[in-house]
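The structure appears right after this line, and notes come after that.
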Amino acid sequence: MGNCLSASTLPTEPNAPKSVEEGVKVFTVADLKKATNDFGNQMELGESLGYINPKTLSPAKKGVGMAVAVKKIYLANEQAFQDWLVDVEFLRHNSHPSLVKLIGYCYDRDMLFIVSEYFPNGSLGSYISRDSRPKSLPWETRLKISIGAAQCLAFLHSRKQAGLYRRYLTASKILLDSDFNARVSYFGKPKVSLDELVYTIGFSNVAPRYQYPPPEYILSGMSNMAGDVYSFGVILLKMLTGLGKDLTISAKREIKNKKYNIVEMIDPDLKNSYPLEAGRLMCELIKQCLEVDPKMRPTMQEVLDNLNAIAQI
């Protein structure tokens, strides 16, 4: 692989961050190879563990440097990189405690290497399905994760003029630190068309299916902030039931039609460790998020307010 584009040879982008002084570091391939032991510290598909000096952001050794995640992403074209830089510029000026921090990047031909914070507990997606998760999270932790993610989404929606909503929102986009605080990753923005969801930034050239599509997307190919609320509702439903990929259509129908039984719907691993009223209100909130009519769904701020109220029970 060749050298990454330097700050002086980046594709034309007037406000693109070009240095560590501006908050986002432009790395070279050599830097990243050194930081990750030649990309040998694999964590998951396309992602390696690396170490850098927290002050200079130069490569460092394990035990000395700060742990970072280095993600390799294939780009459809240079325009995809230009689009990504627009998001980077916005996020440099609109940080949020529940939003994953971008440390730097490297752009080389059709590949983008993203250097971001390292999250030792991985993603929420690993903890949802009770058949495959490493451990069951207690009610309080699940609620804390939900609130953290909702805080970030409400923040992004409040900055809607920047076009940062309509994320490809899944449980794997919600990352967990050592204390299980949630941070939402914005990496991998999709381009939505009428016929399919096509990644402008993705792990392969195969277009993935929209995992949590709101009804309006299925009907028209269009979605907006209300679509985010629907997708978040699906995530809450999976967290509540522990069913993960095995979430049944009947379970969704039950909770939509208010024909749910709290004891039967909520993850049995939680047993009697949650307040029944909190469980009932969570079910009601999920039902509202999954409304077929997008106008009937709450805003993300209203979702956040409801989650905070549930946490007080």
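For all residues, glycine too, the Cβ spot is worked out from N, Cα and C.
Features as listed in Swiss-Prot:
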- L49, G50, Y51, I52, N53, P54, K55, T56, L57, K71: ATP binding site (BINDING)
- 43-311: domain 'Protein kinase' (DOMAIN)
- G2: N-myristoyl glycine (LIPID)
Protein Cβ atoms within 10 Å of Y51 (ATP binding site), excluding its own: 21
Conformational class of L49 (ATP binding site) under the three-state DSSP mapping: strand
Neighbour count (Cβ, 10 Å) for K55 (ATP binding site): 8
Site extent for ATP, whole Å (max Cα pair distance, L49, G50, Y51, I52, N53, P54, K55, T56, L57, K71): 21
Neighbourhood of N53 (ATP binding site), C-beta criterion under 8 angstroms, separation at least six: P59, A60, V64, G65, M66
Assigned conformation of L57 (ATP binding site) - DSSP reduced to three states: coil
Other CB atoms, at most 10 A from the CB of L57 (ATP binding site): 20
Neighbourhood of L49 (ATP binding site) by C-beta distance under 8 A, where only residues 6 or more apart in the same chain count: T36, N41, Q42, M43, A67, V68, A69, V70, Y118
